[in-house]
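What Swiss-Prot records for this protein:
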CARBOHYD  N57  N-linked glycosylation site
DISULFID  C65-C92  disulfide bond
CARBOHYD  N106  N-linked glycosylation site
BINDING   G116, G117  substrate binding site
CARBOHYD  N241  N-linked glycosylation site
DISULFID  C252-C263  disulfide bond
CARBOHYD  N256  N-linked glycosylation site
ACT_SITE  E325  active site, charge relay system
CARBOHYD  N341  N-linked glycosylation site
DISULFID  C400-C519  disulfide bond
ACT_SITE  H438  active site, charge relay system
CARBOHYD  N455  N-linked glycosylation site
CARBOHYD  N481  N-linked glycosylation site
CARBOHYD  N486  N-linked glycosylation site
Amino acid sequence: EEDIIITTKNGKVRGMNLPVLGGTVTAFLGIPYAQPPLGRLRFKKPQSLTKWSNIWNATKYANSCYQNTDQSFPGFLGSEMWNPNTELSEDCLYLNVWIPAPKPKNATVMIWIYGGGFQTGTSSLPVYDGKFLARVERVIVVSMNYRVGALGFLALSENPEAPGNMGLFDQQLALQWVQKNIAAFGGNPRSVTLFGESAGAASVSLHLLSPRSQPLFTRAILQSGSSNAPWAVTSLYEARNRTLTLAKRMGCSRDNETEMIKCLRDKDPQEILLNEVFVVPYDTLLSVNFGPTVDGDFLTDMPDTLLQLGQFKRTQILVGVNKDEGTAFLVYGAPGFSKDNNSIITRKEFQEGLKIFFPRVSEFGRESILFHYMDWLDDQRAENYREALDDVVGDYNIICPALEFTRKFSELGNDAFFYYFEHRSTKLPWPEWMGVMHGYEIEFVFGLPLERRVNYTRAEEILSRSIMKRWANFAKYGNPNGTQNNSTRWPVFKSTEQKYLTLNTESPKVYTKLRAQQCRFWTLFFPKVLELTGNIDEAEREWKAGFHRWNNYMMDWKNQFNDYTSKKESCSDF
């Protein structure tokens, strides 16, 4: 009983004991870590918490942060499983802690950061339940809610009323909370590993780049996301435009920043949600309407630049991707794609799809993608275009940036480990053609297949146990290979050989240079195409318009000149 009441720096909290796999885990759900960002604190950095006097009941998940929910496939488990399962509120800055029982001494801590494109997400989803990891690996698991969408990332640079990156400062404050308080829970503040998926992994990699976050953790795990991905960070200019667009849509005057923010602060959060989806003129199906920005405070430069300069925390990282990262985005509106059929698309639909995912790229740029991704040996195969678009979207947005991040990191002599996850869960509600989808390694990391009554296979339970073991080993020792030598050794990823490990229900294998050909295209060739043809369409349109103007001038000039010569002739008659 005494283990479930713990004294934190802000006051006492009461948790609860949960039976897990024949043992016990003590869970503390919904501990506040910041002042609720309400009223005049909306859009501001999180403010630290004052003390409370009685015992805080941390026995149920807190509110989820305000967000738009996914209504694309009502009642369908595949999309609904990611929607918030607690009430939406602006009062949402709470965290959860799972500790093995009896209370450990100096246990390693793993802090989970959820994904959701910086627009959605919550720490209370069943698939993020920390109890299995705590029970099986005897680590302490922590997860926090952070603000998303405009409420978390609206940005007017250097204006403390809405500085941008508020959601990342929320995460950072939760990391500080762990530093100050985790010892009371039996955790070791000097052994803290961040792990996250998608936008959560991009967040983790931003903490690696942010000087203020670096002292607050030890190591990092990035699952299917990184800060150098094309969707992860918005330029200041773009972020400012979106803020102004939002203000305009909501009838707030844009003449004076202070007035504008005051006006936005008075709006109903639901109204902000309805309008924030319209701030990007074209929907790429991967739209991050409001996300991280270079604010000069949390983030001092674009991630690419910081990576290039080697300005990141020197430590070990574990990074990886799934086999079919692109499919999850295609069913949300690429032409010819549906979750209810095989999505065999035509060349024309493939080209239309490219337009959706690369709205600002010239026709020539899109042609270069088609050329590179088409299997010309077998261009009559029905699935070709479907698989090609899956690869294009997955490589460009997830796989190649993650590999590039790992490569840059390892060049400076830091140990990096890379995985390629290729097991399709037998419980996956999405259709077969979608393969090993974005987000579907998470249940294996959190040990959901260990619960007997959930109908995973025995092989999946074994896979999940081995992933948990490797993740926890990495968190404890900076190396996923334990002392026991019965499993395949996971070699270090070096920028030269680029070795990686496959994770599936067979035995893991080591390969080198994942998707080397494709990633060369994205990192080296494609930027050149953009530079040269930048927007060839734009240039061409301007040239044509210019030519028409010139043509008209010429006609005009000719008429004027004829007029002049005829007048001159009539004058010379006198």
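Just so you know, glycine gets a Cβ as well, placed from its N, Cα and C.
Distribution of Swiss-Prot features across the structure.
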residue: C65; record: disulfide bond; DSSP class: strand
residue: G116; record: substrate binding site; DSSP class: coil
residue: N241; record: N-linked glycosylation site; DSSP class: helix
residue: C252; record: disulfide bond; DSSP class: coil
residue: C263; record: disulfide bond; DSSP class: helix
residue: E325; record: active site, charge relay system; DSSP class: coil
residue: N341; record: N-linked glycosylation site; DSSP class: coil
residue: H438; record: active site, charge relay system; DSSP class: coil
Whole-number Å value for how far C263 (disulfide bond) lies from C519 (disulfide bond) (Cα to Cα): 45
From recorded positions G117, C252, C400, the one whose Cα lies nearest H438 (active site, charge relay system): G117
Cα-nearest neighbour of G117 (substrate binding site) within the listed recorded positions, C65, N106, C400, N481: C65
C263 (disulfide bond) CB neighbourhood, other CB atoms within 10 A: 16
Cα distance (Å, whole number) from N241 (N-linked glycosylation site) to C252 (disulfide bond): 14
Neighbour tally for C252 (disulfide bond), based on other Cβ positions within 10 Å of its Cβ: 18
N481 (N-linked glycosylation site): tally of other CB atoms within 10 A of its CB: 19
Other CB atoms within 10 A, centred on N241 (N-linked glycosylation site): 15
Candidate recorded positions N57, G116, N341, N455, pick with smallest Cα gap to N106 (N-linked glycosylation site): N57
Where N106 (N-linked glycosylation site) falls in three-state DSSP terms: coil
Structural state of N57 (N-linked glycosylation site), classified by DSSP into three states: strand
Integer Å distance between the CA atoms belonging to N341 (N-linked glycosylation site) and C65 (disulfide bond): 34
C65 (disulfide bond): tally of other CB atoms within 10 A of its CB: 28
Residue from N57, C92, G116, N241, N341 whose C-alpha is spatially nearest that of N481 (N-linked glycosylation site), among the recorded positions: G116
Whole-number Å value for how far N256 (N-linked glycosylation site) lies from N241 (N-linked glycosylation site) (Cα to Cα): 15
